Amino acid sequence: MRIREQTILALLSPGLPPVTGQHVLDLSEPGWTVSSKALNRTVPGRLPSQVHLDLFEAGVIATMGSMILTFAGLRMPTGRTPATLLLGCELTDHESTWLVFDGLDTFTTITFCDQIIGSTYNQFRQYHFDVSQVLKECKQEGPVLSINFGSAPNIANAIANGPSAEEWPAGVQITNEYPNRWYIRKEQSDFGWDWGPAFAPAGPWKPAYIVQNKNPDRLYVLNTDLDIYRRGQINHLPPDQSQSWVVNASIDVLGSVPQWPSMSVEIKDAYSGVVLSSGLLENVTVSGNSVTGVTVVDGRTPKLWWPNGMGDQSLYNVTIAVHNHRNQVVAEVMKRTGFRTIFLNQRNITEEQLAQGVAPGANWHFEINGREFYAKGSNIIPPDAFWPRVTPSRMERLFDAVTAGNQNMLRVWASGAYLHDFIYDLADEKGILLWSEFQFSDALYPVDDAFLENVAAEVVYNVRRVNHHPSLALWAGGNEIESLMLPMVRRADHKGYAKYVGEYEKLYISLILPLVYENTRSITYSPSSTTEGYLHVNLSAPVPMTERYSNTTPGSYYGDTDYYNYDTSVSFNYHKYPVGRFANEFGFHSMPSLQTWQQAVDPKDLYFNSSVVVLRNHHYTAGGLFTDNYQNSSRGMGEMTMGVESYYPIPSKSDPVANFSAWCHATQLFQADMYKAQIQFYRRGSGMPERQLGSLYWQLEDTWQAPTWAGIEYDGRWKMLHYVARDIYEPIIVSPFWNYTTGDLEVYVTSDLWEPAQGTVNLTWVDLSGKSIAGNAGTPESIPFSVGALNATDVYSANVADLSPPDLTDSILILSLAGEGYLPNARTRSEFRHENQFTPVFPKDLALRDPKLELAYNPDTRTFTVEATAGVSLYTWLDYPAGVVGYFEQNGFVLLPGMKKEIGFVVQEGSVDEDWMRSVTVTSLWDQKVRE
């Protein structure tokens, strides 16, 4: 970062200027070259970048779209050597010079002026090196900086084969493609995962700087930990909302911290500029290169920050300055933040809750500013296989889709990478809570001293770096370590199980937990993404948190759930879904659209079982460096096929590309319906004994063009899933629950409002021509409802056998809700509408009719009008051509004959003209079965 040359000296001594004489050179300037001995090539390079990107830019790699698993030549060590950097003769005149690297991926040897100045071995750490003396003795006319990157797969293998490498029972560690990822601190999915490629890139993936201070009193800010919490707040206990706000600021600096420093702060509304508070920080301390101070915001009430759908995202700019004994500013930094408390409640169910009908056990839900809320969202993976391609504009489009989809929380999955600050900034602005995790996933990890020391530095840096963001919701130790890896090692080595539990606790509880709590009081920590919670916490104990593990009681509920079932015969059997307090992962994979496949695959390969398409399906992963493991990939293709054939019309079009497109769409229908069934089930749990308060499906978006669990494709196009999730994440919904074995049908209204809501549910039976069924098939036409705050209520139940539709294959029940209530923090009542549907047979068995859809575009309103003229249109689907990123305001809906629906299209990137508008199409389930 560049030091901001702004001061707040008026707080102390108006006449004194800041200490000057600092020069920061951003190394993102042109002039770098990349050389690879393995490829015997030298090409222009960039910083930030990764070697694959530079080789692609130079034409060494013909097309990024054709990359399947890896390039043999790029498995070799690669080097990065810049052109000579003429930094100017003033460099030698400065008192001190440092090299600062915000992120190097991963193993490097760094040379400056022909001298080795250091090495790095952790992708997630910030590194800095004092090169003052090296520069003064430099004999080069223009100092040359060279960074040599080693091959992460080769180094991981070398560590694994070393004499002191820890070993685990056979069959426990999960190799996706490259082995031994658990030995190194690099993005774990770079070695392959079931939703992405294994490129194992190398390069300077974040910015780098040369920092020079001419004045020895000047400091450079490396990192800032800004912690805002209620007085008396402790991480794992609910904060007292009546207490004053505490602002604790800690700055990590380069340079010599002056004796007796003071600190000042100014807090301004980020939008109006109105000053909330300003003055000196108290209890200023110096520890190593960190300066820390604290203040209490007494007598002032900042505007609170709320997640999407719960209120405003009020933000404040906090300027923190360090002063020397002459009251001169020697370091200054500004961070944008918000005032909120976020708390993961894992405490035991209280007597009051038991009296309300909540089942015994322990809570597992989030509370924002003291209020329980329903977490609606998904899991976010790395948006690209190469982080330098992830830009602010790209992430803004993605997060706009998140908020448009009625989501308020994303789980930042481990093991990708810790998110950039600009991504947290966007989440702050848009009200998206980010459940964040340390980068450990689906593996057991070493616990030797060197590994733990490396991890400790990684944890401290990243906790401090992102702590000021109000969107930060949680720190979790890793992905599925407790729920997947410990059971696996227990089965593999029952006698040695205690050893591995001890190692788990050593890393995630004895090491990471205290480091988190030492650097923040505002965020809760959980050792694993999926857990039964804890029994008790004693921060002075060697193992400060005692996990519950399997110490559970029948009839009680604990923790969160993680659920995948690829047996498609039970996909819609909600008795198979887990009953818990919170669902953090669940899902099924589907194909991307034809338009997305065309970005990456040659036209000749556009059919369902082509080798290119099959091998892009990494469910199931190759299990090693086998680029042609058709057997594993075909299993995933078979699961999607079974999902379609079990429930939907089987596409059989004469045109092969059209048939491929129809099959891709069919897999999306199955995926969307399966997620809808589960989300409805979990949301209904808010009013059940389990008191279920969270649904985060797997996964939000894609990292490349391939069959995955994503709801948003690689370029931003929405699958059917994201439209359906948007609908079923509305504040108040009506949902049918059908036990297709017994025939029992139940209808529930679910609300995530914080106050009771009232309204009416209309039930209308029609046949597939759109005609009303006599007597409404024995169902009442209208039912009033009243649903409690953050709750669910049943409004109707019957057995389908007791109803009177004349032909189950020619019947559909339309459920329409109209209600009123107050949105969270709203002062006026709002109207809510929701529509759902139920068919007493699966879609493949319906007596479908051609709805004869008509589509018109109005250039004045820039909207599309869809009309069904001859029958009920199921899964009405508007599709748009390539060249634009955007989404329709509604999609995947039911349309009765004679009804018109006006729908807008939101353009996120690109532009549209009348030719493009005329290329928009509309289809329905009928078109899936029609042979063209």
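Even glycines carry a Cβ here, placed using N, Cα and C.
The shown structure was predicted, so the numbers you read here are calculated from the model rather than taken from an experiment.
Feature annotations, reproduced from Swiss-Prot:
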{"type": "SIGNAL", "residues": "1-21", "note": "signal peptide"}
{"type": "CARBOHYD", "residues": "ASN40", "note": "N-linked glycosylation site"}
{"type": "CARBOHYD", "residues": "ASN248", "note": "N-linked glycosylation site"}
{"type": "CARBOHYD", "residues": "ASN283", "note": "N-linked glycosylation site"}
{"type": "CARBOHYD", "residues": "ASN317", "note": "N-linked glycosylation site"}
{"type": "CARBOHYD", "residues": "ASN348", "note": "N-linked glycosylation site"}
{"type": "ACT_SITE", "residues": "GLU480", "note": "active site, proton donor"}
{"type": "CARBOHYD", "residues": "ASN538", "note": "N-linked glycosylation site"}
{"type": "CARBOHYD", "residues": "ASN609", "note": "N-linked glycosylation site"}
{"type": "CARBOHYD", "residues": "ASN632", "note": "N-linked glycosylation site"}
{"type": "CARBOHYD", "residues": "ASN659", "note": "N-linked glycosylation site"}
{"type": "CARBOHYD", "residues": "ASN739", "note": "N-linked glycosylation site"}
{"type": "CARBOHYD", "residues": "ASN762", "note": "N-linked glycosylation site"}
{"type": "CARBOHYD", "residues": "ASN791", "note": "N-linked glycosylation site"}
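Taking Cβ-Cβ distances under 8 Å and a sequence gap of 6 or more within the same chain, the neighbours of ASN791 (N-linked glycosylation site) are SER686, GLY687, THR750, SER751. Cβ neighbours within 10 Å of ASN317 (N-linked glycosylation site), excluding its own Cβ and spanning all shown chains: 16. Using Cα positions, the member of the recorded positions ASN248, ASN348, GLU480, ASN538, ASN659 nearest to ASN40 (N-linked glycosylation site) is identified as GLU480. ASN659 (N-linked glycosylation site) falls within a helix when secondary structure is assigned with DSSP. For the glycosylation sites listed here (ASN348, ASN538, ASN632, ASN659), the lowest count of other CB atoms within 10 A around the CB belongs to ASN538. Long-range Cβ contacts of ASN762 (N-linked glycosylation site) within its own chain (separation 6+, distance under 8 Å): GLU781, SER782, ILE783, ILE814, LEU815, SER816, LEU817, ALA818. Each of the glycosylation sites ASN40, ASN248, ASN739 was scored by the other Cβ atoms within 10 Å of its Cβ; the lowest score goes to ASN40. Ranked by Cβ neighbours within 10 A across all protein chains shown, the recorded positions ASN283, GLU480, ASN609 are led by GLU480. DSSP gives ASN317 (N-linked glycosylation site) a strand state.
Looking only at the recorded positions ASN283, GLU480, ASN538, ASN632, ASN739, the one with its C-alpha closest to ASN317 (N-linked glycosylation site) is ASN283. Ranked by CA distance from ASN609 (N-linked glycosylation site), the recorded positions ASN283, ASN348, GLU480, ASN538, ASN739 have GLU480 at the top as the closest. For the pair formed by the residue listed as 'active site, proton donor' and ASN632 (N-linked glycosylation site), distance between Cα atoms is given as 22 Å, rounded to the nearest Å.
In this structure, the CA atom of ASN632 (N-linked glycosylation site) is 24 Å away from the CA atom of ASN659 (N-linked glycosylation site).
Looking at ASN348 (N-linked glycosylation site) and ASN283 (N-linked glycosylation site), their Cα atoms lie 36 Å from each other.
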